[in-house]
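Peer 1: Pasting a structure below so you can have a look.
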Amino acid sequence: MDSEYRIILNVGGVRHETYKHTLKKIPATRLSRLTTNLANYDPVLNEYFFDRHPGVFAQILNYYRTGKLHYPLDVCGPLFEEELKYWGLDSNECEPCCWMTLSGTRDTQDVLKTLDELDIEVDQTEGPELYKRFGWEDDYHNDSLSAWQKLKPRIWRLFDEPSSSRSAQFIAAVSVFFLITAIIVFCLKTHPGLRIPELAPFGNFSRNHRSTSSRIHPAQINIDKSNSRPHPTFMYIETICNIWFTIEILARFASCPSRFEYLRAPVNIIDIVATLTFYIDLLSSMFGATADLEFFSIIRIMRLFKLTHHNSGLKILMHTFRASAKELMLLVFFLVLGVVVFASLVYYAERVESNEDNQFVSIPIGLWWAIVTMTTIGYGDITPHTYLGRLIGSICALAGVLTIALPVPVIVSNFAMFYSHTQARSKMPKKRRGVLSMDQVAQHVKHAPVRNSNGPTQRKNMEHTPLVANNHSPPHTLI
C-alpha cells in the first residue's frame, strides 16, 4: 500500500524517490502538477525524467520535505536561480543562513552588467557584429556596402578604441600628448615669470607740446606689472593642440554609430565646450577683450577627464564614486550635521567665559572652523581660547575622524570589486563556442538528411515527426 503513494523522479540521471503528498506541500509549482499524461513520464520505468541539474534538485526536493530552502555552495548563483525558476519556485524563499551568499552572487551579476555598460573592454567583433552597431547588417550580408560604409567603422575604431590596432594606439598616444601639453601650457601661462607686463605711456606726448619745448625730454614709460598677458609662444602651442582636438572631434562625430549618444556623453561635451572656448578666446584677443572672457577658459582644465577614455582604471574610479553615492551622501549628511552642531557650541562656549581674544564673532565663522577641524586640516587661523571651547574643539576633531573613516572602507571595497572583476574579464577568451537553443536543435533535426535503405541520401520531411517516439500511449504534454 505504501508503494502506491511513492513517486520516482529521474533528474539528470539521478533517481529521487519521495511521496506524492510531499510534492503537494508547495502548490502551483511544476512538481505539484505531475500526472501520468505528461511526456516526462516513462510508463515502463514508472518514473518522471527531467533533464535538469541533479545537485540543485536535491536541495529543491529537500525544500518540499522540510520547508527550508538552502543554497548549494557547489553551483553558481545564476544557475541556482534559473533552476528555481524552472521548478516554479522563488529564490527569495532562501534561508537567512544562505541569503548572504545568494545576495553576493546577485551583486556580482550587477557588477558584470555595469562593466558591460562602461565599455571598458575593447570590442573585437568583426563582420556582421561590427556593422550591426551601425545598422548595416543587411547591407553586409547582401554585399552591398558602399565605400563610406566600409570606411566609417574603421575610422570609429581608430579614434574610439585605442587598443583595437597599432594605428589606434598611435593616435591615442598623440591625443594624450596634445592633451597633456595643453594642460601644461594652460598652467604655465599663469606664472608671473612667463608673462609679459603691459607697457603704458606716462605723461603728455602730443606733437604741439614737443614743438614748444626748448629741450627734448626722454619718453617716460610706465610698466604695469599688475596687468600682464601670456607669452605669444603659448598661444601658438595651444593653437596646434586645439587643431588636433578639432580634427579628433570632427572625425569621431562623423564616424560614430549614434550621434545622439555621442553628444550625450559628458566627456564629449567637455571636449567640445573646451575647444569652443579656445576659439572664442582667440577671436576675443583680436578685439582686445581677453580680460573679460579669460575666466571662461578655465573649462579647458576639464579636459583631464578625457584620460578616462584611455585608461580603464580611471573609468572604474569614476564609476566607484557613482556606485558609492549613498555612502557619500551619508558622509556629507553627517559632516553637515556635525559642522552646524559644533559651530553653534563653540560660538556660545567662547562667550561663557571672559575672553578678550574671542575670534568667533558669529556662527557662520564657526562653520568655517568646524569644517576645517572635522576634516583634520586645521589651518589655525581661528582657534578657541577658553577651556570649554578647547574641549568642544577636541570632540569636534575626534567626531570628524570617525565620520570620515566609516564610509571609506565601503568605497574602497567597491573599487576593489570593480577592479578585480575587470582584471578577470580581461583574461577571459574573447570568443566562445555558441550553444544552440532547443528551437534551433528542432529546426536542425527537421531539415537533417536521412539515408534511405536504397542507398542515396534523401531529405525526409520531418515536419510532423514528434521528438518523442510514439509508444501508443495517450497524447503527451511537455512541461
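Note: Cβ is positioned from N, Cα and C throughout, glycine not excepted.
Source: prediction; values computed, not measured.
Straight from TrEMBL, here's the annotation block:
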DOMAIN    5-105  domain 'BTB'
TRANSMEM  170-188  transmembrane segment
TRANSMEM  262-280  transmembrane segment
TRANSMEM  328-348  transmembrane segment
TRANSMEM  360-379  transmembrane segment
TRANSMEM  391-419  transmembrane segment
REGION    449-479  region 'Disordered'
COMPBIAS  468-479  compositional bias 'Polar residues'
Peer 1: When DSSP states are grouped into helix, strand and coil, how many residues of the domain 'BTB' (5-105) land in each?
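Peer 2: The composition, in the requested order, is 44 helix, 21 strand, 36 coil.
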Peer 1: With pairs 6 or more apart in sequence, are the transmembrane segment (391-419) and the transmembrane segment (328-348) linked by at least 3 Cβ pairs under 8 Å?
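Peer 2: These two segments touch.
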Peer 1: For the transmembrane segment (170-188), find every same-chain residue at least 6 residues outside the stretch whose CB is under 8 Å from a CB in it, and list them.
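Peer 2: Apart from its flanks, the transmembrane segment (170-188) reaches 158-159, 162, 194, 234, 237-238, 240-242, 244-245, 248, 297, 300-301, 303-304, 306-307, 310.
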Peer 1: If you average per-residue pLDDT over the domain 'BTB' (5-105), what number do you get?
Peer 2: 90
